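Presented below is the structure to which this report refers.
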Amino acid sequence: MRVLGIEGTAWAASAAIHDTEADTTDIFTDAYAPESGGIHPREAAEHMRGAVPTQVATALDHARGTVSDGRPDDALPVDAVAFSRGPGLGPCLRIVATAARTVAQRLDVPLVGVNHMLAHLEIGRASAGFSSPVCLNASGANAHLLGYHGGRYRMLGETMDTGVGNAIDKFTRHLDWSHPGGPKVEAAAEDGEYVDLPYVVKGMDFSFSGIMSAAKQAVDDGVAVEDVCFSLQEHVFGMLTEVAERALSLTGSDELVLGGGVGQNARLREMLAEMCDQRGASFHAPEPRFLRDNAGMIAVLGARMAAAGDTVAVEESRVRPNWRPNDVPVTWRSGEDVSRVAGAADETTQRGAEATVTLGERVVKHREPKSYRHPDLDARLRRERTRAEARLLHDARKLGVSTPVVRDVDPRESTIAMERVGAVDLAGRLDEASVATVGRHLATLHGSGMVHGDPTTRNVRVPAAEADGGDGDAVDGTSADRAWLIDFGLGYHSDDAEDYAMDLHVFEGSIVGTADDPEPLLAAFESAYREVGAESVVAQLRDVEGRGRYQ
Ligand SMILES: C[C@@H](O)[C@H](NC(=O)OP(=O)(O)OC[C@H]1O[C@@H](n2cnc3c(N)ncnc32)[C@H](O)[C@@H]1O)C(=O)O
Ligand SMILES: Nc1ncnc2c1ncn2[C@@H]1O[C@H](COP(=O)(O)OP(=O)(O)OP(=O)(O)O)[C@@H](O)[C@H]1O
Ligand SMILES: [Fe+2]
């Protein structure tokens with residue numbers, strides 16, 4: 001099969017021909033470069049209006065010229081037309097869709113509407129040959145982690161404000177550097193030295209606004225620009241690498257694939273490769289022409305969708321500027337669901353995302369150095385988190401929230417010794433009674449101004465399934481609805497309802513990412529939270545979930 005792909009969500013007016021038999025993908029792109037500032041939606045659309053038809057014509061000419069596979073001379077140049085249907089800038093998407101419909105109708109071939117973000121990750125999954133990786137999309141307007149489970153891509157974590165490339169580009173606009181800023185920061189960072197900046201990770205979510213304001217401020221205060229660029233990369237990419245590792249740990253996957261324009265950055269790729277290497281996972285990043293926006297990835301996924309019969313009628317092919325990748329029915333991966341949920345087994349040594357935990361009579365948790373991080377940042381995070389964890393385990397316990405008793409703390413060695421609690425992680429025994437207990441615990445914490453920071457199903461311990469009669473209380477006297485909160489390393493005190501809502505979002509995200517039937521669990525969790533906690537926090541959660549994150 002031969003497929004024409006068309007891309008034009010923001011800056012790249014691009015067309016490509018993917019030939020499934022020859023396994024070739026030829027890409028033709030005309031990039032929009034703003035005269036000043038960032039991408040102007042109207043200017044970008046103007047660019048698309050002229051450049052998309054030209055690139056499409058070039059690609060079709062190329063297809064006609066390479067009809068060498070035994071097709072007759074009057075054969076159609078392509079068998080299907082795939083286009084970026086969203087997410088992206090509305091005016092640009094409409095021009096792409098119009099071009100795609102026109103060609104599909106003229107040639108009388110099927111039309112395929114591709115989700116741009118899934119195209120970014122499927123191109124890497126295809127070239128790696130991975131079956132069920134965790135996928136990190138690091139692009140201009142987005143930054144998120146996806147995992148495939150139960151027929152859909154699940155959102156495991158994402159930015160709470162801007163995409164990663166846009167965050168970097170905004171910083172460089174402050175310096176009056178031309179768009180795009182990412183490659184310029186990468187070049188300037190070569191001569192830089194480390195300075196501390198904010199580092200914000202909440203479970204597997206993260207945000208860039210604090211670090212970007214601090215970076216601009218640092219430049220205004222006279223810190224050398226190359227030092228700020230260097231440190232910006234160390235922090236921002238360190239955050240992305242950390243959440244990617246958390247996602248590998250949560251899902252039990254040992255494959256990571258990278259997508260998106262920021263993936264062209266060598267330092268980001270180096271960190272991800274090193275993290276994967278340290279934990280025995282495989283890492284793959286596609287070649288640069290497939291990382292930045294390009295129609296090749298649209299054609300490749302389009303071909304798989306077309307083969308699965310996933311085409312769209314012209315009259316139903318309106319664009320979707322806010323189309324989230326986790327809302328796409330995945331038609332092209334049937335029968336491939338091999339995702340696992342880690343955490344059921346209880347071995348003597350547990351390897352979390354952050355620490356190595358030795359389970360004996362006592363539990364000894366050691367935050368080992370992460371060689372992918374800058375040593376100063378690494379030392380700071382391990383020290384701060386060990387301190388926070390010990391203090392908050394204690395504070396939570398005083399409120400009546402079940403946590404292990406802390407026996408010993410050594411912040412310099414980043415080690416905590418504590419009581420052993422529960423029989424399995426909640427991830428290994430997800431039921432409504434247990435998630436309800438977590439709801440009440442979190443509400444109690446929030447009622448006293450405490451935030452857990454990372455309440456995933458791996459950070460809750462529960463008795464074994466037959467706890468009320470069986471051996472579930474082997475470690476501790478338990479009842480069936482008992483649950484202990486552990487791993488307070490990202491916890492802090494706050495009186496902001498937004499922070500409480502983020503705790504709920506993180507917990508629900510870990511359920512949605514791994515459970516076959518999340519809905520009843522989410523309902524049980526929220527109703528238990530309401531019993532003890534404030535309705536306004538649940539309302540704030542809806543706000544967090546509903547935010548458009550394509551900025
Ligand atoms: C919706 C769609 O329009 C959007 N596309 C997009 O953002 O273009 P993409 O090509 O994936 O990424 C562009 C971003 O990638 C950054 N970038 C390019 N080279 C870079 C480098 N070497 N280091 C860091 N960032 C880099 C640019 O600064 C810019 O912010 C998206 O995928 O989110
Ligand atoms: N006090 C404890 N009692 C029993 N098991 C524990 C205890 N503390 C940790 N564990 C086990 O060790 C695992 C890893 O611990 P923890 O979550 O604290 O480490 P981590 O590296 O921060 O993990 P992650 O970042 O993946 O959440 C837990 O999922 C749990 O199975
Ligand atoms: Fe993109």
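Just so you know, glycine gets a Cβ as well, placed from its N, Cα and C.
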One of ASP254, ASP277, ASP293, ASP310 listed by TrEMBL as binding Fe cation at the site of HIS116, HIS120: ASP293
Further L-threonylcarbamoyladenylate ligand in TrEMBL, beside ASN137, ALA138, SER139, GLY140, ALA141, ASP169, GLY182, GLU186, within candidate set ASN265, ASN294: ASN265
Within 10 angstroms of HIS120 (Fe cation binding site), Cα basis - recorded positions out of GLY182, ASN265, ASP454: none
Neighbourhood of ASN137 (L-threonylcarbamoyladenylate binding site), C-beta criterion under 8 angstroms, separation at least six: MET117, HIS120, LEU121, ALA143, HIS144, LEU145, LEU146, GLY259, GLY260, PRO325
Protein Cβ atoms within 10 Å of ASP454 (active site, proton acceptor), excluding its own: 27
Rounded to the nearest Å - Cα separation of ALA141 (L-threonylcarbamoyladenylate binding site) and ASP454 (active site, proton acceptor): 25
Long-range Cβ environment of ASP293 (Fe cation binding site), under 8 Å and at least 6 residues apart: GLU7, THR9, ALA10, TRP11, ALA12, SER14, HIS116, SER139, GLY140, GLY261
In sequence order, those recorded positions of ASN137, SER139, GLY182, ASN265, ASP293, ASP454 whose CB lies under 6 Å from ligand 3: SER139, ASP293
Rounded distance in angstrom between the Cα atoms of ASP454 (active site, proton acceptor) and ASN265 (L-threonylcarbamoyladenylate binding site): 28
